[in-house]
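Right, one structure below, let's go through it.
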Amino acid sequence: MKFSHSLQFNAVPEWSESYIAYSNLKKLIYSLEHEQITLQQGAPDEETRLLEHERRSPDDRFMFALDKELQGIVEFYAPKEKEIADQYGRIKGEFETYENEYMSQGNNINYPTPERLQKSSASRKSGRMARSQELPRITSSNREIYLNGQTSDGGYAAPAISRAESTAIQPSEPHDVDTSKNGLSKKQHSEAQPEVQGNDDEVEEEDDDDDDEDEDEDEDEDNNNNNRWLLIEQYPSDIVAYENFVSLKRKLTQLYVSIHDLISYVHLNYTGFSKILKKYDKTLGSSLRESYMKRVNQAYPFLPATGKTLSKRLNIVAEWYAKLCCQGDTFVAIRRLRGHLREYVAWERNTIWREMMAMERRTQAARLSGLKPVAADEKESEQPPYFTIKTKFGVFRIPRCFFNSTIATLITIIVIFILLLSFPVIDNREQNNCLALLVMVSLLWATEAIPLFVTSFLVPFMTVFLKILRDENGSPLSGKESTKVIFSSMWNPTIVLLLGGFTIAAALSKYHIAKRLATSILAHAGRKPRSVLLTNMFVAMFASMWISNVAAPVLCFSIIQPLLRNLPAESDFAKILIVGIALASNVGGIASPISSPQNIVALQNMDPAAGWGEWFAVSIPVSLLCIFSIWFLLSFGLLKDEHITLAKIRSTKDTFTGVQWFISIVTIGTIVLWCLERRFDEVFGDMGVIALVPIIVFFGTGLLTKEDFNNFLWTVIVLAMGGVALGKVVSSSGLLELIALKIGNAVSSLNTFRVLLIFSALTLVVSSFISHIVAAMVVLPIVHEVGSRLADPHPRLFVLASGMMCSLAMALPTSGFPNMTAIMMENEAGKRYLKVSDFLKAGIPATLISFVILLLIGTPIMRALGF
């Protein structure tokens, strides 16, 4: 969450105009940055001459704005503190008076004891009328005081009597303290509430453990509600004390909230100054933060003595409340008082996966926003929401929502599936059923008629239902046996390897390690368009190696925001830069085994799986050549703005923390173990077991939370599991062997390179039009089986080359996650940077170049390694 949002949500509504104008200061920073770049370019236009006329430096102008904000905060704080101090003094006198009169040892107030409570309860039915005639009548005004003055957290209580007695005198319908005049509302306190005293952490940690105690108190309250008015009427000498008790309790609650709000006001403004100065230093390359924060620390609201005074008064108010209502238990008093505080919205670090989920939600919202709103006085639609079909059996109404292209596609696929089952094209029943399932699942994945992960769940369901799986003897498995086999295949070491990659990506992004490394590299890229483009492409490729090419574009696009923000509106460098990062991320998808989901599928279809060292030996030279070739294409073929001066990306000046070092060491250690996995085969057994190391360490130590785990791209994980299940089904049924035999006979006369050329081209075309991972799940099992049946078998060579080709298919905006992320990029006006034609101009030649490099450079390396 951005601090501007945190400030908005946590500010006291009545004081909203008196907080630091964080958003305005941020706009000023961007304005100063733009002016600085304009002056550096030296353009002899009117804007430049006006800027040169401005004599003050950016530091002076920004300090002037900060001084104005600081003065406003001081001017607001001083009278507000005096107001609360006066209120504190008045309530202190009232409490001392109440304590001397009613809470001393020698008081004569006739409080009801348990014995009296029992007697009064037993004699209520027989003597109510007589007593009501003898005792003074309770007026409507007094009754209103009783009803409005009580709360549900303890009822009538004073330290001189027991808690059980205190719950006896309460209103029949519990009411909270009415604080509406002060803008207060009772909300559940968040654990992220700012602390005000040493034991507050313990107080908040125990909140959830007090539910049973609260329920017991509520039960006592309900049991004694019937005796309420009877006891007050029996003991009229308590009425004055009770009125004073209710009034004092309300005032203490309001005072506690007011002091706490003032503490929160100081805390939020101090954080705001610190963050906005850090942003200024980072954006303009200044060092203003340290010097100006000294000035902030000397302002009256931020003096240590001022904070200590507020905290001391807050604790004293809690002690008074404890004496008045909680038998002197300050722990309980603080918990109850905090129930009246505003809910605090905590700031949390984002992982890259949470940002991707937010992007997906924004995309969905954009789709929904395209629907035309209907005015209140208009009909929702000129057409009825259903079709009416009249038959001799009656009138049938079918909703119009069933008549669209998606439903038509889904119905067509289902019809094809039923036809394949009804009219077998293969004599063997299991193989024919498997063919029908394979065709249906492939079409559903290709058309996305239903969500991709839902189709993955359809695979095990239809496998068991159609009795497709067979045992080693060729006999069909029963439903129970099929269930065990298919679900056990879906959870395997390859899926755990994917989870391990997601975990590393989450840790590196949450603690800004990946971003710091990227900005440190980009800070040395200079300001020339070609060098900036090349550096960004290398950063995107390197990031894809370790946080996957699904997440790397999101990281890179966030880093280049200062560049995009300061480019002229008519510049085409923004398009070139975004396309370059997307294409480089696709290339980075082949750089390591965890850099893309399709690599996981490739490993699953290799026996034995390629080691990390073998993978790097192929991927690094191919990736570097592809990056240089695509950069040359973009720089000298498509880039027109060659002489613009770009904003400089500045690296952070913060030192590497202990947590960041720990995460880096664990990550590097895991990667080293992956590279040396063959040497530790007897120890770990598989790369999936090594992938458990970062999962256990990062989640076990609390560096990553269950929310981070929930934010993983589970749709991708389930999709990979569905692909593994489909591969198991096609292999077990014998269909894969049959398909491989047919294709093998057709290409038996061709040499290995020509067969590889055919499969690589087929994979490239399929991956360009459907998802990369879907293409890998459908094509790679067939490629492996065909490769193993050739006269010169090289199944691992075919699988590795075809798997890499899946990532290198990048011609269309829908070809892979990086392209889909890039096409959604918008400028500050909400207009997209790229059109489909922009991708076609760069994507088609980039794909063909990468195809040639992989075949001419990658294939000889694979052969040399024994693939």
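Residue 1 is the first one shown; counting continues down the chain.
The backbone N, Cα and C atoms fix where each Cβ goes, and this holds for glycine too.
Residues or ranges marked as domain 'SPX' in Swiss-Prot: 1-294.
What Swiss-Prot lists as region 'Disordered' is 105-152 (among others).
The region 'Disordered' feature in Swiss-Prot is assigned to 165-228 (among others).
The compositional bias 'Acidic residues' feature in Swiss-Prot is assigned to 198-223.
Taken from Swiss-Prot, the feature transmembrane segment covers 406-426 (among others), and the record attributes it to sequence analysis. Long-range contacts of the transmembrane segment (406-426) within the same chain, counting only residues at least 6 positions beyond its ends with a Cβ under 8 Å from a Cβ of the stretch, are 432-433, 435-437, 439-440, 443-444, 447, 449-450, 466, 735, 738.
According to Swiss-Prot, the transmembrane segment annotation covers 434-454 (among others).
Taking Cβ pairs closer than 8 Å, the transmembrane segment (485-505) reaches residues 351-353, 459-460, 463-464, 469, 477, 514, 546-548, 551, 593-594, 597, 600-601, 603-604, 667, 670, 686-695, 698-699, 704, 712-713, 716-717, 720-722, 724-725, 728-729, 732 in its own chain, all 6 or more past its ends. Taken from Swiss-Prot, the feature transmembrane segment applies to 485-505 (among others).
Tertiary proximity for the transmembrane segment (537-557) is limited to same-chain residues at least six positions away from its ends with a CB under 8 Å from its CB atoms, namely 352-353, 355-356, 359, 501-502, 504-505, 508-509, 514-515, 518, 521-522, 578, 580-589, 591-592, 594-597, 623, 627, 630-631, 667, 671, 713, 716, 807, 816-818, 821-822, 825. Annotation source Swiss-Prot lists transmembrane segment at 537-557 (among others).
The transmembrane segment annotation in Swiss-Prot covers 576-596 (among others), and the record cites sequence analysis as its basis. Tertiary proximity for the transmembrane segment (576-596) is limited to same-chain residues at least six positions away from its ends with a CB under 8 Å from its CB atoms, namely 497-498, 500-501, 504, 529, 532-533, 536-538, 540-546, 548-550, 552-553, 556-557, 560, 563-564, 603, 610, 612, 615-616, 619-620, 622-623, 626-627, 630-631, 634, 638-639, 674, 687, 772-773, 804, 806-810, 815-819, 821-822, 825, 833-834, 838-839, 842-843, 846, 850.
Among residues of the same chain six or more beyond the transmembrane segment (616-636), those with a C-beta under 8 A of the stretch's C-beta atoms are 529-530, 533-534, 537-538, 541, 576, 579-580, 583-584, 587-588, 590-592, 675, 800, 804, 808, 842, 845-846, 849-850, 853-854, 857-858, 861-862, 865. Taken from Swiss-Prot, the feature transmembrane segment applies to 616-636 (among others), supported by sequence analysis.
Sequence-remote contacts of a segment are chain residues at least 6 beyond its ends whose Cβ falls under 8 Å from one of its Cβ atoms, and for the transmembrane segment (656-676) they are 500, 504, 507-508, 511-513, 516, 546, 593, 611-613, 616, 684, 687, 690-691, 693-694, 697-698, 703. What Swiss-Prot records for 656-676 (among others) is transmembrane segment.
Beyond the transmembrane segment (683-703), the same-chain residues lying 6 or more positions past its ends with a Cβ under 8 Å from any Cβ of the stretch are 492-497, 499-501, 503-504, 506-507, 510-511, 593, 603, 609, 612, 659, 662-663, 666-667, 669-670, 673-674, 677, 709. The feature transmembrane segment is assigned by Swiss-Prot to 683-703 (among others).
According to Swiss-Prot, the transmembrane segment annotation covers 712-732 (among others), on the basis of sequence analysis.
Marked as transmembrane segment by Swiss-Prot on the basis of sequence analysis: 755-775 (among others). With a threshold of 8 Å between CB atoms, the same-chain residues lying at least 6 positions outside the transmembrane segment (755-775) that come near it are 445-446, 452, 589, 596-598, 601, 716, 719-720, 723, 747, 783, 786-787, 790, 794, 797-798, 801-802, 805-812, 814-817, 847, 851, 854-855, 859.
The transmembrane segment annotation in Swiss-Prot covers 797-817 (among others) and rests on sequence analysis. Long-range contacts of the transmembrane segment (797-817) within the same chain: residues 549-550, 553, 582-583, 585-587, 589-590, 596, 598-599, 601-602, 605-606, 610, 618-619, 622, 626, 752, 755-756, 759-760, 763-769, 771-773, 775-776, 779-780, 783-784, 786-787, 823, 834, 836, 839-840, 843-844, 846-847, 850-851, 854-855, 858-859, 862-863, 867, each at least 6 residues beyond the stretch ends and with a Cβ under 8 Å from a Cβ of the stretch.
Residues of the same chain lying 6 or more positions beyond the ends of the transmembrane segment (842-862) and with a Cβ under 8 Å from any Cβ of it are 576, 579, 583, 587, 617-618, 621-622, 625-626, 629-630, 633-634, 637-638, 753, 756-757, 760-761, 764, 768, 797, 800-801, 804-805, 808-812, 815, 819. Residues or ranges marked as transmembrane segment in Swiss-Prot (evidence: sequence analysis): 842-862 (among others).
Through the fold, the transmembrane segment (434-454) approaches residues 406, 409-410, 413-414, 416-417, 420-421, 425-426, 462-463, 466, 468, 714-715, 718-719, 722, 726, 729-730, 733-735, 769-771, 774, 777-778 of its own chain, all at least 6 residues removed from its boundaries and within a Cβ separation under 8 Å. Within its own chain, the transmembrane segment (712-732) has Cβ neighbours under 8 Å at 353, 356, 434, 437-438, 441, 451-453, 455-460, 463, 468-470, 485-486, 489-492, 494-495, 498-499, 502, 506, 550, 597, 600-601, 604-605, 773-774, 776-778, 781, counting only residues six or more beyond its boundaries.
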